[in-house]
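Asker: Structure in structure tokens, see below.
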Amino acid sequence: MKIYYEKDADISLIQKLKVAVVGYGSQGHAHALNLKDSGVKQIKVALQEGSASRKKAEAAGLEVVSVADAAKWADVLMILVPDEKQAVLYANEIEPHLRAGQHLMFGHGFNIHYNLIRPRADVDVSLSAPKGPGHTLRNQYQMGFGLPGLIAIHQDATGSAQAVALSYSKAIGNTRAGVIETSFREETETDLFGEQAVLCGGIVELIKAGYETLVEAGYAPEMAYFECLHETKLIVDLIYEGGIANMNYSISNTAEYGEYVTGPRLVNAETKKEMKKVLEDIQNGTFARNWVLENQAGAPGFHAMRQRMSSHPIEEVGEKLRGMMHWAQNDRLVDKSRN
């Protein structure tokens with residue numbers, strides 16, 4: 001596995017080019033601001049008409065243009081609008097204005113891997129994917145650090161696709177931590193699996209089930225919140241810092257023993273069998289097709305599930321308890337008024 005660091009990338013390449021960041025959400029705001037702070041002078045944010053993000057981007061000192069105008073102007077287009085919106089936006093606002101030698105970049109391989117976007121052969125197509133949310137990418141950059149990232153080349157029409165992609169990755173801070181060379185397929189499938197089975201789907205359902213079990217047994221919701229949600233960060237921080245063994249070194253023997261005897265009762269062979277089915281749905285395109293169809297119908301199921309989750313009792317309890325933790329409100333990663 002090839003890993004690139006600061007010395008492997010020439011930041012002057014991206015500094016000489018005209019760069020448009022399409023979208024200004026979690027990833028878009030971090031990419032645009034990190035590029036700007038890294039000396040990329042010719043940078044614009046491309047947004048659709050009426051976008052609520054326009055004021056945020058302009059307040060940050062960034063020039064905002066239409067997506068079509070960005071496609072005509074830029075040498076490098078980083079497409080960071082939500083996955084479900086990219087294909088239509090590309091077909092209507094980007095593809096008609098492309099010229100030979102331009103460089104299309106993506107922060108996630110979803111649309112390329114599942115052939116929802118099929119770029120013409122005379123443009124470069126690459127991936128520069130930070131391994132973390134945009135708010136964390138920006139925070140780490142400002143602290144002088146960086147997030148690990150991934151790089152992949154789908155098309156190299158000019159012969160310089162990799163050099164430019166590495167230069168871009170350096171400008172957003174990824175080479176400070178290391179950039180791993182991969183493929184669009186590998187990035188897409190592992191990313192989706194990690195999100196669904198572990199990081200978002202798995203953890204959230206485990207937290208909810210634990211909380212509900214304690215509350216239904218008569219324990220105070222506040223105690224259930226602390227034990228099943230709040231302390232998750234404390235444990236994950238230890239794992240993040242030095243692995244599972246590092247976490248086990250820090251916790252009590254009682255907690256460690258409980259990990260060994262109880263963990264396998266909850267996550268067992270049946271769980272792993274279901275995980276393999278989840279991976280198969282990702283690999284064969286079932287998940288992608290379902291997500292595309294959901295959005296073509298206006299995403300009614302998605303919005304209903306989002307509403308149910310935001311209305312879960314753990315959210316109300318958490319909001320009340322977090323209001324008591326003033327120290328936890330300092331240096332917030334997410335400030336919805338700015339990013």
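Cβ from N, Cα, C; glycine included.
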Asker: Of the residues Gly134, Gly144, Gly146, only one is listed by Swiss-Prot in the NADP(+) site with Tyr24, Gly25, Ser26, Gln27, Ser51, Ser53, Asp83, Glu84, Lys85, Gln86. Which is it?
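Answerer: Of the residues offered, the record points to Gly134.
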Asker: When a 10 Å sphere is centred on the Cβ of Glu231 (Mg(2+) 2 binding site), how many other Cβ atoms does it contain?
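Answerer: By my count, 11.
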Asker: Over the span of the domain 'KARI C-terminal knotted' (183-328), count residues by DSSP class, listing helix, strand and coil in order.
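Answerer: Once the DSSP states are binned, the domain 'KARI C-terminal knotted' (183-328) shows 126 helix, 0 strand, 20 coil.
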Asker: Judged by the number of other CB atoms within 10 angstroms, which among Asp83, Glu195 is the least packed of the binding-site residues?
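Answerer: Among the binding-site residues Asp83, Glu195, the lowest count of other Cβ atoms within 10 Å belongs to Glu195.
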Asker: For Lys85 (NADP(+) binding site), which DSSP three-state class applies?
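Answerer: Its secondary structure by DSSP: helix.
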Asker: In angstrom units, rounded to an integer, how far apart are the Cα atoms of Lys85 (NADP(+) binding site) and Glu231 (Mg(2+) 2 binding site)?
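Answerer: Checking the Cα atoms of Lys85 (NADP(+) binding site) and Glu231 (Mg(2+) 2 binding site) gives a distance of 36 Å.
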Asker: Compile a sequence-ordered list of residues in the same chain as His108 (active site), six or more apart from it, whose Cβ lies below 8 A from its Cβ; state 'none' when nothing qualifies.
Answerer: Asp83, Leu127, Ala129, Glu187, Thr188, Asp191
